[in-house]
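Below: the structure, in structure tokens.
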Amino acid sequence: KATPTTNHSIHITLPLDNTTLEMVAMNALLVLTLLLAVTCYCAMAGDPDITTDFVVPDGTMASGNFFTFTGLRSVVRGGAPPTAATPFKVTKVSQVEFPALDGQSVSMAVLQYAPGGINPLHTHPRSAELLLVAEGWLDVGFVDTANKLFVQTLQTGDTFVFPKGLPHFQLNRDPKYPAVAVSAFGSANAGTVALPKALFGSGVDVGVLAKSFKTDGDTIQKLVAAATTMGY
């Protein structure tokens, strides 16, 4: 016959002094602060969120027309391609051109390159860029924060991502045929900082630029003159 057993385990609760209680409270407060900081960072990492389905500007009626953008019709139909005088052309579909994108965290652009055309070094401070080559070939590249260069030659149908905020470029090296690409952004207004214009066409003092690039003022003046005549 089995003999029942009895659990004689003893639980001892030690009293916590004031110092221990203060340490527990401080640790809890620290964890709460860190969680709050991470939450705020994640909330601010993209476009501000909205609490409605969409945003309609005052005085605008929400209809099918409001959610339709027709500015790419001429591009798709082959009108006004880039030329030797303007070897690169971009048609943006951002919140500025298409107000229905406000709060939707998405936008796009169609990029057209004449033979030999280039989209010079630039950055998008508020979004990464996902580029699809729709026609032709493109040499693309970006530079990371460790000053490492990443380059690739893309064929029609290839896709390439430019990480958020990093300097990057696209070049149509073909001397005879144009190229077309479509870019998507994770922001309604990704922003564009064209580095040649930002550095040499924004009015930064020539002396500052000369010292920054360890060159003379005449060289900087030539770069300033070139930047102020850029068509993009």
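In case you wondered, yes, glycine gets a Cβ from its N, Cα and C as well.
According to TrEMBL, the features are:
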{"type": "BINDING", "residues": "ASN119, HIS124, GLU129", "note": "oxalate binding site"}
{"type": "BINDING", "residues": "HIS122, HIS124, GLU129, HIS168", "note": "Mn(2+) binding site"}
{"type": "DOMAIN", "residues": "74-221", "note": "domain 'Cupin type-1'"}
{"type": "TRANSMEM", "residues": "24-44", "note": "transmembrane segment"}
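Within 10 Å of the Cβ of GLU129 (oxalate binding site) there are 24 other Cβ atoms, across all protein chains. Listed in chain order, the extra residues whose Cβ falls within 8 Å of the Cβ center of the oxalate site residues ASN119, HIS124, GLU129 are ALA109, HIS122, THR123, LEU131, PHE162, HIS168, GLN170, SER183, ALA190, THR192. Of all the Cβ atoms in the protein chains shown, 23 others lie within 10 Å of the Cβ of HIS168 (Mn(2+) binding site). For the pair HIS122 (Mn(2+) binding site) and GLU129 (oxalate binding site), the C-alpha distance works out to 12 angstrom. If you measure from the Cα atom of ASN119 (oxalate binding site) to that of HIS168 (Mn(2+) binding site), you get 9 Å. Counting residues of the domain 'Cupin type-1' (74-221) by DSSP class, helix then strand then coil, yields 24 helix, 55 strand, 69 coil. Taking a C-beta cut-off of under 8 angstroms and a sequence separation of 6 or more, HIS124 (oxalate binding site) has the following same-chain neighbours: PHE162, LYS164, GLY165, PHE185, SER187, ALA190, GLY191, THR192, VAL193. If you draw a 10 Å sphere around the CB of ASN119 (oxalate binding site), it holds 25 other CB atoms from the protein chains shown. Shown in sequence order, THR123, PHE142, PHE162, LEU166, PRO167, ALA190, THR192 are the same-chain residues outside HIS122, HIS124, GLU129, HIS168 whose Cβ sits within 8 Å of the Cβ centre of the Mn(2+) site.
Cβ neighbour count for HIS122 (Mn(2+) binding site) (all protein chains, 10 Å cutoff from its Cβ): 20. Cα of HIS168 (Mn(2+) binding site) to Cα of GLU129 (oxalate binding site): a span of 10 Å.
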